[in-house]
Amino acid sequence: MRYTVMIPAAGSGKRMRASQNKLFLQLGDRPILAHTLQRFQEDEWCESIIVAIKEDERLLMEAIAKKFNLSKITQFVVGGAERQHSVHACLEAYDGTSESIVLVHDAARPFIHESTIHDLVMKANETGAAIAAVKVQDTTKVVVSDIVQQTLPREQLWAIQTPQAFRYELLYNASKEALEEQFEATDESMVVERYGALVHIVESTYDNIKMTTTADLSYGHYLLKERGELR
Ligand code: CTP
Ligand code: MG
């Protein structure tokens, strides 16, 4: 099965408190971004990669693509102020068919497993929309001004990750409508749910973390070692 992946990489990583975009920080012997892109470069099902970047980081991005032989990258497109705009810029640049399967995956999640990607692609091919998720492990409550309002039933709670996989036409139309109506979404599923389509869960793994704070760098280092990828 074939797919194209869109990688939003146009953030700045403020919560990491580094002097540069967190995606350029080293994890083992290479930048976080290189790890993420290599997962897709090495996946036989992946046809092409579109990356959303900031214009002033283009040269750095191109240098990484060259150094790590990331030949599946077909385009670097300029992202926007919010992640949602960056993803839409990738969708606008895509030139596949409406039936094609596209994935969206955060550049900041370097530990995605190929088996999860394949499960998502198959599910999206069958249903139109599938997202990676793990069961919530903590008891979760709704709180307003420090006061607990409600305890949510844990068996119904899932923490959502990327990749998120969709039939192209569905995601494009949903994303376009959300932007036109200024609906703010923190993931692609939100826009597709709002558009009226059913979104399916694919169980992912807890190690598919998003590198957000410096604590994630330490854990990421440990994960690389565990996988024998600490070079
Ligand atoms: N992203 C993007 N365009 C934006 C904002 C974020 O392409 N305008 C990307 C980031 O580069 C990252 C992914 O979306 O790969 C997930 O976002 P997040 O982890 O929040 O990264 P940042 O926004 O860079 O970090 P922070 O929120 O701490 O500033
Ligand atoms: Mg952010």
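Cβ from N, Cα, C; glycine included.
According to TrEMBL, the features are:
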{"type": "SITE", "residues": "R15", "note": "site 'Transition state stabilizer'"}
{"type": "SITE", "residues": "K22", "note": "site 'Transition state stabilizer'"}
{"type": "SITE", "residues": "R154", "note": "site 'Positions MEP for the nucleophilic attack'"}
{"type": "SITE", "residues": "K210", "note": "site 'Positions MEP for the nucleophilic attack'"}
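Locations of recorded TrEMBL features on the structure.
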residue	record	Cβ within 10 Å
R15	site 'Transition state stabilizer'	13
K22	site 'Transition state stabilizer'	24
R154	site 'Positions MEP for the nucleophilic attack'	12
K210	site 'Positions MEP for the nucleophilic attack'	14
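In sequence order, the recorded sites near R15 (site 'Transition state stabilizer') (Cα within 10 Å of its Cα) are K22, drawn from K22, R154, K210. Counting in whole angstrom, K210 (site 'Positions MEP for the nucleophilic attack') lies 11 from K22 (site 'Transition state stabilizer') by their C-alpha atoms.
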